[in-house]
Amino acid sequence: MRTVKFLLQKEFRQIFRNRAILALIIVMPVMQLIILPLAADYEVKNINLSVVDHDHSPYAQQLVAKITASGYFRLQGYHASFKEAYRLIEQDKADLVLEIPRGFERDLIRNGHQQLFIAVNAINGTKAGLGSAYLSSILRDYNDGIRMEWIAPTRFRPAATIEVIPANRFNPLLNYQFFMVPGILAILLTMVGGFLSALNIVKEKEIGTIEQINVTPIKKHHFILGKLIPFWVLGNVVFTVGLLVSWVIYGIFPQGSIPAMYGFISIYLLAVLGFGLLISTYTDTQQQAMFIMFFFMMIFILMGGLFTSIDSMPPWAKAVSRLNPVSYLVEVMRMIVLKGSGWADVFPHLGAMLGFAVVLNGWAILNYRKKS
Amino acid sequence: MVSLKNITKTYNHGTVKAVDDVSFSVEKGELFGLIGPDGAGKSSIFRMLATLLIPDKGSATVAGHDIVNDYKLIRSKVGYMPGRFSLYPDLSIEENLDFFATVFNTTVKENYHLIEDIYVQIAPFHKRRAGRLSGGMKQKLALCCALIHKPTVLFLDEPTTGVDPVSRREFWEMLKRLRQQGITILVSTPYMDEASLCDRIALIQHGRILSIDTPQGIAAAYPNSLYAVKATDMPRLIHVLSTYYPHMHSYLFGEVIHLDARGMGGYNLPDELTQFLTAEGFADIEVKPIAPTIEDCFINMLVRHDT
């Protein structure tokens with residue numbers, strides 16, 4: 001244990017001398033948490049709409065006014081023909097074309113129904129899908145409005161209608177940031193833990209100090225512990241800083257058990273640090289370690305359930321994501337921060353993470369050789 | 001103290017033979033030099049003895065312990081200084097020394113007498129980071145770190161490479177003092193002039209030992225007479241010598257040409273050569289017999305080895 005103490009002393013000295021890393025550890029979470037949730041947003045706004053109005057009736061104008069008033073659409077302009085509007089789509093200036101046929105108002109009043117034509121630029125799938133959905137719902141709303149005008153309310157409703165009113169639990173206002181911030185915090189923690197630990201041992205290989213360490217009686221597990229503990233502490237610091245930032249800036253405070261959260265983070269950090277160590281035992285230069293780490297980080301992040309829901313992935317991808325430690329952390333973060341979960345709820349996740357930690361660290365220790 | 005028996009080490013799945021059937025032994029308190037050019041296999045031998053590499057074939061012991069089976073016992077008894085500076089550049093002199101003392105379960109104070117002579121030279125800079133030291137100071141610090149746990153055997157892999165001549169001489173003075181304290185030292189160097197400072201040396205080339213003896217013994221075993229030749233127009237001289245005396249090996253050595261008079265016993269070479277060179281139009285001709293240095297011996301062995 002005395003040896004570990006001296007190793008730790010040395011490790012912390014080196015970390016505190018490396019100003020760039022230290023600044024990064026504090027500045028990175030703050031900057032990312034401030035910028036990313038504001039920019040990375042699923043809500044689609046500013047959909048460019050071009051209208052081809054063949055009718056020019058008050059009803060048609062009312063409809064367009066209602067659409068633009070929703071705030072999601074930006075009126076690109078009125079065009080004389082669909083062909084003209086389509087050119088705008090080709091030039092990427094319009095996302096949606098709404099064509100109002102001649103006699104829209106007249107036929108609507110006379111026949112009771114009328115058809116509209118919507119053309120969508122589907123190059124940006126999300127924007128197209130959400131845009132046409134928004135537009136359809138505005139049209140439905142408009143339709144209901146017209147019916148209300150015509151059909152005099154009677155005592156007995158002519159037809160029963162089912163009205164669905166959703167209640168959003170845990171995030172009543174569907175605030176996007178509530179969803180995003182815990183996820184970004186999870187990614188940050190993974191990056192800091194994984195990269196720092198992987199690069200640290202490889203650096204000792206690169207500058208040759210590992211040779212000098214290897215001829216000393218330091219035991220393998222002492223050396224690895226000496227590397228794990230400092231970054232474990234740093235990870236907790238980064239996490240706490242991130243939690244404070246999200247509380248101060250976004251007003252997000254964990255609804256659930258904070259000890260359970262730190263309990264999970266402790267185990268999670270062990271797993272991620274173990275992963276970093278494992279990579280460092282397979283690589284000889286910092287460059288190699290960096291690229292391999294990046295490869296895994298991309299997969300971890302994209303398949304971690306931060307941006308896309310794991311539940312909607314194909315079965316094989318779902319199976320793969322169970323091997324992704326980040327997916328557990330993202331889930332636990334959202335459970336504790338938004339849902340108010342406690343120890344009992346995160347217990348299965350904790351068990352899985354303990355498994356990751358044991359396997360990854362065990363593998364790293366076995367693969368770290370003091371001689372070749 | 002150190003003994004190697006038929007040690008062989010290959011790299012890249014046997015395609016590169018770094019150490020080829022090497023056997024030698026070093027006595028207690030001896031200053032033993034491994035002399036050879038870059039790539040001769042010196043570092044591989046050191047790494048095997050320091051328990052960082054496992055030999056493919058053969059066996060070796062250090063301080064009575066087998067390098068493969070008892071490597072843990074060896075690690076606390078040897079001091080190893082790799083060819084490349086490998087201390088923490090972001091820790092100061094003091095911190096590096098403290099660190100290596102503590103990982104060997106000792107303190108700087110306890111073994112200060114061992115390093116005192118060396119440490120006082122770098123002590124004024126004890127707060128300076130190791131990465132910002134000059135080459136000579138780095139070597140002194142590395143030696144201190146290798147000595148701080150009071151090893152019985154010291155492995156120094158090219159400790160003077162890249163160090164200025166004054167620091168090199170100082171360094172060898174320190175090694176001599178350490179030997180007086182009973183520490184066995186195995187040192188490697190590509191510099192032939194350092195060879196004569198060792199008790200015994202092994203000349204090594206392409207992973208094979210060419211000769212093992214005292215420096216005097218190796219010089220005395222030089223098989224032929226050796227002459228130093230000097231004249232005006234040295235570039236033409238070396239060309240003329242190698243053309244007209246192809247069986248005698250001649251090579252530039254500092255400001256003179258060394259001529260190995262192989263098979264010229266009982267023959268008055270200086271007079272012959274002076275006459276010949278005068279006829280060739282050289283002036284200020286000087287031909288005199290000289291005592292071979294270790295470098296001459298090494299060159300001679302390489303030439304014989306190659307032909």
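Even glycines carry a Cβ here, placed using N, Cα and C.
What TrEMBL records for A:21-40 (among others) is transmembrane segment.
For A:132-371, the entry in TrEMBL reads domain 'ABC transmembrane type-2'.
When Cβ-Cβ distances below 8 Å are used as the criterion, the transmembrane segment (A:178-202) is approached by residues 21, 25, 28-29, 32-33, 36-37, 40-41, 171, 210, 227-228, 231-232, 234-235, 238-239, 242-243, 246, 250, 252, 265, 268-269, 272-273, 275-277, 279-281, 283-286, 288-290, 292-293, 296-297, 300-301, 304-306, 325-326, 329-330, 333-334, 337-338, 368 of the same chain, each at least six residues removed from its ends. Taken from TrEMBL, the feature transmembrane segment covers A:178-202 (among others).
Long-range contacts of the transmembrane segment (A:229-253) within its own chain (CB-CB distance under 8 A, at least 6 residues past either end) are made by residues 4, 8, 11-12, 15, 25-26, 28-30, 33-34, 37, 177-178, 181-182, 185, 188-189, 192-193, 196-197, 200, 262, 265-266, 269-270, 272-273, 276, 337. Taken from TrEMBL, the feature transmembrane segment applies to A:229-253 (among others).
Under the heading transmembrane segment, TrEMBL lists A:259-279 (among others).
Residues 40, 183-184, 186-187, 190-191, 194-195, 198, 275-276, 279, 282-283, 317-318, 320-321, 324-327, 329-331 of the same chain lie 6 or more positions beyond the ends of the transmembrane segment (A:291-310) yet place their CB under 8 Å from a CB of it. For A:291-310 (among others), the entry in TrEMBL reads transmembrane segment.
Taken from TrEMBL, the feature transmembrane segment applies to A:346-366 (among others). Sequence-distant contacts of the transmembrane segment (A:346-366), counting only residues of its own chain at least 6 positions beyond either end whose CB sits under 8 Å from a CB of the stretch, comprise 220-221, 224, 228, 260, 263-264, 267-268, 270-271, 273-275, 277-278, 280-281, 322, 325, 328, 331-332, 335-336.
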Lying 6 or more residues past either end of the transmembrane segment (A:259-279) yet within Cβ distance under 8 Å of it, the residues of that chain are 189-190, 193-199, 201, 224, 227-228, 231-232, 235-236, 239, 289, 292-293, 296, 325, 328-329, 332-333, 336-337, 341-343, 346, 349-350, 353-354, 356-357, 359-361, 363-364, 367-368
